[in-house]
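TrEMBL has this to say about the protein:
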DOMAIN    44-490  domain 'Major facilitator superfamily (MFS) profile'
TRANSMEM  41-63  transmembrane segment
TRANSMEM  83-106  transmembrane segment
TRANSMEM  113-133  transmembrane segment
TRANSMEM  172-190  transmembrane segment
TRANSMEM  202-221  transmembrane segment
TRANSMEM  291-309  transmembrane segment
TRANSMEM  347-367  transmembrane segment
TRANSMEM  396-423  transmembrane segment
TRANSMEM  435-456  transmembrane segment
TRANSMEM  468-486  transmembrane segment
Amino acid sequence: MEPSAREPLVRKTSFSYQTFPERAVQRLDKEYLRSLHNRRLYLAVFAAVLGNFSFGFALVYPSPVIPVLEAHPSPALRLDQYTASWFGSVFTLGAAAGGLSAMLLNDRLGRKLSIMFSALPSVVGYALMAGAQGIGMLLLGRVLTGYAGGVTSASIPVYISEISHPGVRGMLGACPQIMAVLGSLVLYALGKYFGLVLEWRWLAVAGEVPVLAMIVLLCFMPNSPRFLLSQGKDDEALGSLCWLRGRDTDYAREYEQIKDSVRKQNRRVSCAEIKDPFIYKPILIAVGMRFLQQLSGVTCVLVYLQSIFKKTSVILKPEYDAALVGLVRLFSVAIAAVSMDKAGRKILLFVSAGVMLVSNLTMGLYIHFVPASQNGTIANKTLVSSANLPAEPTNYITLIPLLATMFFIMGYAMGWGPITWLLMSEILPLKARGVASGLCVVVSWLTAFTLTRFFLLVVEAFGLEVPFLFFAIICAVNVLFTGCCVPETKGRSLEQIEAFFRTGRRSFMR
């Protein structure tokens with residue numbers, strides 16, 4: 001096997017965050033990256049991220065449904081404030097359980113089969129919500145779709161990261177977030193037309209479609225070459241990489257580099273190895289990012305979006321506002337996908353946290369200082385109960401909550417949304433990737449559950465401005481965390497990233 005061409009990193013004159021020193025060897029040279037055929041890689045990624053589409057669809061399902069079920073004629077299905085908070089939050093509890101099980105599934109079944117496994121609870125969960133005769137069936141359906149979302153959240157980013165090459169890994173790493181946003185947007189659009197007292201059931205039926213398409217397409221996709229090598233299936237790993245890169249490319253060289261990296265690691269991480277900085281540092285960074293991402297309030301905003309807009313009485317109808325926010329979110333994630341491999345991860349994280357900070361602060365101060373007679377609110381300390389009350393905006397100043405929310409979602413979607421998932425799959429060492437990615441999802445969704453469960457109670461007790469001001473403080477912490485802890489991984493192979501953590505060098509600015 002001929003050694004790969006080595007190209008020194010080009011010195012830049014502008015200031016930028018750099019994680020790896022100039023003398024780091026480029027494992028995959030530019031000529032090889034340009035020779036690759038990406039069509040099959042893109043197809044495999046598309047098949048996988050259909051699971052994220054379903055996840056995004058299920059996550060915001062309560063947004064158009066809660067106002068409908070609050071006025072449902074059947075007492076068995078009518079929601080009050082207590083049951084509405086459970087309906088909105090129990091999804092994240094199921095997602096935490098899914099992330100916990102993914103810690104085992106990712107290493108036992110592999111990334112692809114774990115994604116396919118998630119289809120079973122997802123299909124059953126949607127069926128329960130579509131045919132619900134009582135609140136119990138609705139909650140169980142939410143738990144099962146949440147469980148499926150937790151499994152896919154831990155498995156899909158790892159699968160995409162392991163089948164991608166450095167030239168497109170940033171762009172493809174944003175695809176799960178793009179599809180989750182698209183799923184939410186489709187839900188908002190369908191909710192406008194099917195959100196009637198009886199017709200809301202068809203929203204759950206529509207959620208079955210991407211799940212079934214995902215499982216059919218994944219049957220024809222290869223497993224991760226890195227996972228296959230870790231299982232001793234060398235021939236299958238070589239065939240998988242050949243399929244992904246193209247037969248007429250020098251994929252064998254990349255295969256040898258991956259194989260060499262896998263051979264240096266044990267199959268399982270032991271308790272004693274947790275003390276190794278190579279293991280615990282990337283895990284702490286990944287878990288910390290997932291924790292701070294949820295504390296920024298994005299899940300609360302998405303789940304209770306229409307209720308928040310009813311509370312602040314913006315000048316448009318809440319369902320139109322929700323769809324508009326969904327479009328902004330989709331556009332912003334697309335920008336992140338295009339720029340991630342050019343601008344880098346850290347600069348986008350800084351911009352993202354800054355925009356979210358200003359947006360949350362604006363929202364909190366608006367609610368606190370603008371009199372109720374101007375912002376159109378009828379009761380300052382309730383969200384759910386105001387869903388059935390008329391909201392007549394009296395002033396164009398009521399556009400401020402809509403604009404603040406749009407910029408918050410834009411900021412999140414440009415950085416702390418897609419990049420936290422991408423970095424999780426990039427920096428975690430292979431020997432701990434399956435378990436650690438599951439741990440990240442567990443922490444993420446337990447945090448989301450706590451916030452969504454108590455969000456309405458905090459609003460009722462202290463007012464809507466309090467959670468938004470809290471979210472603003474967390475966004476300021478996100479800026480500091482990014483500068484102190486997050487490495488820049490743009491353009492680096494997974495093997496180079498692992499080598500960086502082995503050296504113990506800190507990122508530096510030049």
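Cβ coordinates are placed from backbone N, Cα and C, and glycine is handled just like the others.
For the domain 'Major facilitator superfamily (MFS) profile' (44-490), the model's pLDDT averages out at 81. Comparing 83-106, 113-133, 291-309, 347-367, 396-423 for CB pairs under 8 angstroms to the transmembrane segment (202-221), the maximum falls on 113-133. Long-range contacts of the transmembrane segment (468-486) within its own chain (CB-CB distance under 8 A, at least 6 residues past either end) are made by residues 285, 288-289, 292, 295-297, 345-346, 349-350, 352-354, 356-357, 360-361, 363-365, 367-368, 416, 423. Cβ atoms under 8 Å from those of the transmembrane segment (396-423) belong to residues 153, 157, 161, 169-170, 173-174, 176-178, 181, 285-286, 289-290, 292-293, 296, 298, 301, 305, 308-309, 312-316, 321, 324-325, 328-333, 335-337, 340, 345, 348-356, 358-360, 362-363, 366-367, 370, 374-376, 478, 486, 489 of the same chain, restricted to positions at least 6 beyond its ends. Contact between the transmembrane segment (291-309) and the transmembrane segment (41-63) is supported by 3 or more Cβ pairs under 8 Å, counting only residues 6 or more apart in sequence.
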